[in-house]
Structure formats: structure tokens, C-alpha cells
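Undergrad: This is the feature table in TrEMBL:
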{"type": "TRANSMEM", "residues": "B:21-40", "note": "transmembrane segment"}
{"type": "DOMAIN", "residues": "B:21-440", "note": "domain 'DUF112'"}
{"type": "TRANSMEM", "residues": "B:46-72", "note": "transmembrane segment"}
{"type": "TRANSMEM", "residues": "B:110-131", "note": "transmembrane segment"}
{"type": "TRANSMEM", "residues": "B:143-163", "note": "transmembrane segment"}
{"type": "TRANSMEM", "residues": "B:170-192", "note": "transmembrane segment"}
{"type": "TRANSMEM", "residues": "B:204-221", "note": "transmembrane segment"}
{"type": "TRANSMEM", "residues": "B:261-283", "note": "transmembrane segment"}
{"type": "TRANSMEM", "residues": "B:323-343", "note": "transmembrane segment"}
{"type": "TRANSMEM", "residues": "B:355-380", "note": "transmembrane segment"}
{"type": "TRANSMEM", "residues": "B:392-410", "note": "transmembrane segment"}
{"type": "TRANSMEM", "residues": "B:417-445", "note": "transmembrane segment"}
{"type": "TRANSMEM", "residues": "B:465-488", "note": "transmembrane segment"}
Amino acid sequence: MTMNLITGIIAVAIGGIYLVTAMLLPEMRMGDRLGPKLFPTLVGILAILSGLVLVIQERKPERRSKKADFGFVTHRQVWIKILLTTVVGIAYGLVMDSLGFLIPTTLFMLFISTLINRGRLVQNLVLAVAFSMITYGVFAVALKLSLPRGFIEQMLPF
Amino acid sequence: MQDIFSNLALGLQTAMTWTNILWVVIGGSLGTIIGMLPGLGPATGVAVLIPITFGMNPATALITMCAVYYGAMFGGSRASIMINVPGDASAIVSCFDGYQMTKQGRAGPALAISAIASFIGGMIGMVFLVFLTQPIAAAALKFGPAEMFSLLLFALVATITLSEGNLLKGLIAIAFGLMLSTIGIDGMTGIIRFTYGVESLNDGIDFLVIIIGVYAVTEVYKNFKDTNAVYKLDSKSIGKVWISREDWRRSWKPMLRNSPLGFIIGVLPGMGGSIATFMSYALEKNLSKRPEEFGKGAIEGLAAPEASNNACSCGAMVPLLTLGIPGSGTTAVMLGALMMLGVKPGPTLFTDHPEIAWGVIASMLIGNIILIIINLPLAIPLVQILRVPTRIMLPIIMGLALIGTFFLNYSSFDFIIVMIAGIIGYMFSKLEIPLPPLVLALILGGAFEQNLRNSMVLSDGNISIFFQKPISVVFLVLAAGTLVYALLRRKKHAA
């Protein structure tokens, strides 16, 4: 499938879901002529129409766009790294409240640097520890922003 | 006229505190460093450095972000000149002659002219900025909802029509951005829209989270393919970072010519530094008596786009400061950060907080001077940053992006959004769907809808209100004009 064909299909699909949701919104005007429905309805139609035209244009061979290549096969490694980063990144955010700033940040940095800078454990350890300590120093100590405090932070004088 | 000078004096008074000067130095240096890194431009720079502006007063915050912005502009070309890898899209042109000069052993003059041209472009852009902002802001104060709606419509249309790429894909990106902007509680009726039962979405999606996702996380992902790049840098052969009399003779006119050009392009929404630099390069090549030397180390081929690029970044500040409408990715990020701090750029900024508006403008003057000091004598130590391998820099950018996300709302839900935005941004780049229209539509979407609804309340549901106000008509005509222009240009392209 070509890039424009996929884009068109995505636009029609998302626009469709959005439009249906917009239609189901309650009619409520309270002195507001248009209400909360009209604008989203127009946006949904815009997405669907643009997507449809894009798909129709792809039928003409001379205007066809390049074949889409997400690299799912050729760059499988990249996708594995992206998915891992996504999962670990979300987990990082979830544990920050309970574990504080320093431990999750160090662990996250160790993870991401190991992923990118593979096989250099010492370098990555230094990077992870230095990064979390420097950012803590800059944000919590120097700029006085409040950061989640875990048991390590509670032992610190600042 | 006198007004302008007293305003500028007020601005200088705000900008000239030790704290602000210190932040200009810090912001400018960090911006230069981030700008130098391959693939990372001013938008990413400002996005990952947003947290350092929290806790600052708004004037200092805006001054710091501006310093990062033009620092990145100064820095962007360093990598082009030294290693033939542009720091960002607007530094691509600097590779053409800049890297050729380095290959000929003239890296010193190349680094010098790029800093000097950036300085001159920035200064000329600043002068235009000083004289233009006041009248535009004063005119914009009279805008009602109908005028605002038409202006926003023009800004959105111009973003897709003036930039390169497929028009329909731009429209789709705008539609997606507008969709995201409608998520959450509707301000006028209190109805919850498009949250699909997810309570954390009730307050809407913080567009800064999306911006960090698509400008920082996505950029890191794009670099995943090649994390082992190590660049060879021969700093001994740079020589003296200065230019000869002959170099100056060849480049002063191109610099003066292209600064106004860059500024005008910067003011227009959707036309950023990359278009400014390409246009300036083409213009100089056409005007030159020795066009065959372009691409082989002609110093004017480097001076012209550099001047144009920095003037362009001054131009981009005009719609941001006076209308509250960002014309580029970077100014969009700055707008978002300012709204976090409770400042709403726009015409009222000049009446309610003249010290902020003029402080920022004055700080650009100081920033330019500081950056030329950083970039001339310290050029050689600064380019050493290029020796730091990508595999060390990428984790740092990623870490800063996530910490920045956390500081926005202290919400772990935002991590889910930022990571998803990162993947979607990456998919979009693979499908060649432009991201700036999406970001712009997301930021402006709320105001766009609100002004539409307010106009309808005013006119009692009569759509002709948009054609009765002269200013509104002007913007609608402009929007239609750019659309026709884009369609004609593409037709010519296809033929």
C-alpha cells in the first residue's frame, strides 16, 4: 500500500469514529447558537473528505505516491526498541510517585542508555547516575521545583 | 516614534538585570549545543528545556526561551560546516558551501562568517521587529471574534499552503490537531467531549505533552536506526576563526539583502527557516557573477542563508508576540510554555505587560551580542561537542523529555500520552504527514472554535458576519488566495 492510501484510510477511519461520537453529543445551547456539536462535526467531515480525496487520487497511476515503509521487517530492531522504550517510559511515570525521583530516573536512564549505547556498562552506569543527580540538583535544589520524594530523597538534607 | 524608544528603554531596563543576562548566556549556550546536534533543532531545544523556565518570572522565562531559540539558530550551522550533517532543516543549505570551505581548509572563516551573518541577520530582524510590533498589536486590539476567527483560519490555511508537501495531508494533519483540541470539557456548555470514559482526559490534553512527544521523543526514535554514528572532527585545521577583507567584500551585500527577505518569510505562518535559507541561497546564486562557485565553497553562499535564517527567527516572533499565533514549531512550543506560566501572548501583552513584551525584544539585542561573543572566540571549544557520540546524547534528550513531561502537570497519565505521541509522530514521519499543522491546530483549536461560536452569538447565527467586517474579509481573501496559489503551484509542479 502506498503512503497516501494508508493516510487516507486512517483519516477516514478516525474521522468517522470522531464524527459518530460528535453526533451522539447532547444538544445543549444555553445562549450559544452553535452548541458543542457543530464544530466537531465539521472537523470530522473535513477529515473524512480529505481522506477520501486522497484515496481517490491514488487510483491514478501517474499521481500515485511511494509505497509506505514503516520498516516493520527491515528495521525490526528499531521497532522493538521503540516499543520497549514506550513500555518502560510509561512505567517510569507510574512509579515516580511512590519511589521518588532519583531511583526511577537512574533506572530509566540505565535502561535507555543500555538500549542505545549497548555493551558499555560502566559508561551507561556513570551516565545514568550522573544524569539523575545533576537533574535533581538543577531542578529540585537550584530551581526549587517540587519533585516526588522517595526514601532516598527524604534522607537528603535538601 | 518616540514611543518606540521609550518602550525599548523600558525593555532594556527589564532585560538588563544580572539574572536575565545570566539566563541569556545559559540559554544561548545550551541552545547552541542542542542546535549543533544532528537532527535536533530549536523546537526540540526549547521543548526539552521548558522545565528550567518553571519558577521563573514570565519575562525571564520568555527571554530564556528566546535565547535557546536563536542559540540553536547560531549552532545549527556548526555541524553543517564541520561534519556536513545539518543540525536541523534550516541548516541544510549551510552544508552546501560551508562544508566545502572546511574541505578546502577554510573552516575558520566559515565558522566566523556564519556567526557574523547570524548576528547581522538577527540585528536587522530585531530592528524590523521593534518597528512592526507596536502597530500590529494596536490594530489587533480592535479585533472582535469574527476577525480573530478569520485570522486563525488564515494562519491554519497558510501553514499547509505555504509549506512544501501534500495539501491534503496537511489538511488531515489540521483535522487531527483540531480533534485533539476538542477533547475534554467544553468551556461554553460544560459538556464532556471525546474522552471515551477516560477521566484523566476531562481537562483536555496538554498540548505541550504532545509537542514534547512529537518533537523530542520522535526525534530520538528517528535516530534509533543509526546510533553508532561517530563524526570525525579535525579541530587543528580550523585555523583562525575570522574572515579576510576579501571575504567581507563578497558577503556584506548578500547579508544585507537577505536579512529583510528572511524576516518577511518568518512573519508568514508556515514558512520557517528552511524555506528562508533555500530562497536566499537561490537568490544569491541568481544574482552572483560567479554562480559556478556556489556549492564549491563560495562564502556568500554561506553568509546569505545564515543571515536570512536568523532574521527569519525574529520575524517569527511578530505573530507570536502581537497576535498570540505561532507561525512555526518553535514559536508554538514557546507559546505553550508561556501559557503554562499564565502569560497569554497577543495584543494585550503590549498594554498589560509592556515590560514582558519589550523586555523580550530588548533581550534579543543583548542575546545577539552575547551569542556572537560565544560563537566567535569560543567557536573551537564549542564544536568539540560534536565529538560526543550520538549514543550518549540521545539518552540525555530522552531523559530530559520525560522529566519535562512530568513537570508540566505532575501527572503520570501524561507519560502515556507523551509515549503514544512519540510513536504517532514516528509513524507520521514514515507516512510523510507534516507535524507542524497538527501542532498548530491543536494549540489554536480552542480559540478557533470559541471565536466561531462567539461570532455566531453576536450575529445571532448569521454567517455573513465574517463578510461584513473589513478586516475579517481581508484575512478570508488572504486564506483563499494562498489556497489558490498552492493549487496552481502544485499543478505547475505536476505538469
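Each Cβ is built from the backbone N, Cα and C atoms, and glycine gets one as well.
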Undergrad: Are the transmembrane segment (B:204-221) and the transmembrane segment (B:465-488) close enough that 3 or more Cβ pairs fall under 8 Å, when only pairs 6 or more apart in sequence count?
TA: no
Undergrad: Cβ pairs under 8 Å with the transmembrane segment (B:21-40): which stretch of B:204-221, B:261-283, B:323-343, B:355-380, B:417-445 has the most?
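TA: When the Cβ pairs under 8 Å are tallied, B:355-380 comes out ahead.
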Undergrad: Mark yes when the transmembrane segment (B:143-163) and the transmembrane segment (B:46-72) have three or more Cβ pairs under 8 Å (sequence separation 6 or more) and no when they do not.
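TA: The transmembrane segment (B:143-163) and the transmembrane segment (B:46-72): touching, no.
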Undergrad: Three or more CB pairs closer than 8 Å, sequence separation of 6 or more: does that hold for the transmembrane segment (B:323-343) against the transmembrane segment (B:143-163)?
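TA: Yes, the transmembrane segment (B:323-343) contacts the transmembrane segment (B:143-163).
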Undergrad: If you average the pLDDT over the domain 'DUF112' (B:21-440), what number do you get?
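TA: Mean per-residue confidence for the domain 'DUF112' (B:21-440): 89 out of 100.
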Undergrad: Please work out whether the transmembrane segment (B:204-221) lies in contact with the transmembrane segment (B:143-163), by counting C-beta pairs under 8 angstroms that are 6 or more apart in sequence and asking whether there are at least 3.
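TA: Touching, no - the transmembrane segment (B:204-221) and the transmembrane segment (B:143-163) miss the threshold of 3 or more Cβ pairs under 8 Å.
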Undergrad: Under a Cβ pair cut-off of under 8 Å, which of the recorded stretches B:143-163, B:170-192, B:355-380 contacts the transmembrane segment (B:110-131) most often?
TA: B:355-380
Undergrad: Decide whether the stretches the transmembrane segment (B:170-192) and the transmembrane segment (B:417-445) have at least 3 CB pairs under 8 angstroms, with pairs required to be 6 or more apart in sequence.
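TA: With 3 or more qualifying Cβ pairs, these stretches touch.
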Undergrad: Using a Cβ cut-off of under 8 Å, list the residues of the same chain at least 6 residues beyond the transmembrane segment (B:261-283) that approach it.
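TA: Non-local partners: 73, 88-94, 96, 121, 124-125, 128-129, 132, 154-155, 158-164, 254, 294, 301, 304-319, 325, 327-329, 436-437, 440.
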Undergrad: What same-chain residues lie close to the transmembrane segment (B:143-163): Cβ under 8 Å, and 6 or more beyond its ends?
TA: 170-171, 173-174, 268-272, 275, 319, 323, 325, 327, 347, 434, 436-437, 440-441, 444, 447-448, 450-452, 454-455, 458-459, 465-466, 468-469, 471-476, 478-479, 482-483, 485-486
